[in-house]
């Protein structure tokens with residue numbers, strides 16, 4: 001959530017920065033905001049005036065009673081009672097206004113950082129760098145590559161069974177390919193915990209509405225979530241804040257560790273990681289990536305989260321991007337790093353880098369990780385703070401990133417390590433997790 005003081009100080013500048021984001025969405029009803037702000041100021045000025053009058057009358061009452069002027073004192077008491085009634089009404093209306101302003105701000109995305117390229121969609125994203133084990137460009141396989149579906153089905157990918165069990169955009173894995181998927185997740189966790197200093201966490205896969213509000217998925221993106229309905233004899237209607245949802249990413253529970261907390265400055269940075277399934281309805285993606293594992297309702301991901309001092313968040317963004325890159329480099333997978341433009345960034349991000357891995361069968365790069373600095377946007381919603389050197393509570397900055405998406409990494413391994421006979425060579429770094437196995441045979 002944006003700092004309302006920033007909007008009060010320079011609304012025009014904030015709106016101009018918001019206008020660079022994805023259109024035609026209206027992020028802030030400026031007229032409604034200004035009307036509420038005007039009413040708030042009027043009420044606050046009137047409140048201060050009434051409080052001053054009440055204080056003066058209270059003093060007069062004591063003086064009048066001391067002089068024995070009982071009738072005048074009673075008249076002053078009546079005035080105080082009338083002022084109290086008006087103050088109570090003003091306080092109620094002020095609470096309503098503050099609630100309306102908070103609801104309005106909850107739908108407004110983060111302001112893009114000044115270093116973010118301006119553009120309306122992904123065509124304006126800027127390539128930062130690329131890497132390949134064989135030079136700047138991905139190597140040719142020397143034969144016409146198969147995509148991961150044609151490769152994977154003989155090896156244990158079963159899309160028909162996924163449809164049978166759950167519907168479209170679900171996948172079943174069996175045998176060696178299921179083990180390779182598990183090996184990738186274990187390898188990613190080991191890299192992030194043993195080499196990059198993250199603390200591994202096991203988290204619930206179901207969270208409450210307050211957790212999703214804190215990280216920005218609610219209320220704006222409820223349509224992208226899977227709600228969980230509690231069953232059994234105690235399945236009673238629940239209030240909105242007690243509604244449960246399947247996690248769309250472990251960013252949600254990990255970042256909420258610090259909700260309503262005040263950390264010591266010495267505790268920063270907090271570096272957390274978790275391997276979880278993620279559940280997304282993929283609303284609005286009808287007809288996109290319907291073949292294979294690229295866009296699923298359920299997929300696994302190793303997530304990285306950092307909670308940092310505000311002065312360190314852009315250093316942390318670069319560091320986390322390198323942490324995600326390290327996994328791809330160890331796997332020998334060609335990739336490029338893209339700086340997302342203002343129109344392509346997520347709701348809570350001030351700046352985002354996407355890592356895109358090379359897929360030979362598509363002859364293109366596809367997103368495999370997204371690393372974002374949310375600055376204080378989530379922390380303000382979460383009331384996540386630390387005690388600074390001056391002893392004052394200050395909002396932390398939060399960052400999150402994939403380290404990596406496991407299913408898409410499996411896709412990249414299958415396509416980049418395929419052999420002409422349809423078998424797949426297992427990357428050397430994964431072989432210890434595969435019992436020394438070097439190949440997935442057809």
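Glycine too: its Cβ is placed from the backbone N, Cα and C atoms.
Swiss-Prot lists 249, 250, 251, 303, 402 with the feature L-serine binding site, giving sequence analysis as the kind of evidence. Cβ neighbour count for residue 303 (L-serine binding site): 29 (other Cβ atoms within 10 Å of its Cβ, all protein chains included).
The Cβ of residue 370 (ATP binding site) lies under 8 Å from the Cβ of 346, 352, 353, 354, 355, 401, 402, each of which sits 6+ residues away along the same chain. Secondary structure from DSSP puts residue 370 (ATP binding site) in a beta strand. The ATP binding site annotation in Swiss-Prot covers 280, 281, 282, 367, 368, 369, 370.
Among the binding-site residues listed here, namely 281, 282, 367, 369, 369 has its C-alpha nearest to that of residue 251 (L-serine binding site). Using CA atoms as reference points, the binding-site residues 249, 250, 303 were checked against residue 281 (ATP binding site), and the closest is 249.
With respect to their backbone Cα atoms, residue 367 (ATP binding site) and residue 249 (L-serine binding site) stand 16 Å from each other.
Least crowded of the binding-site residues (249, 281, 369, 402), judged by neighbouring Cβ atoms within 10 Å of its own Cβ: 281.
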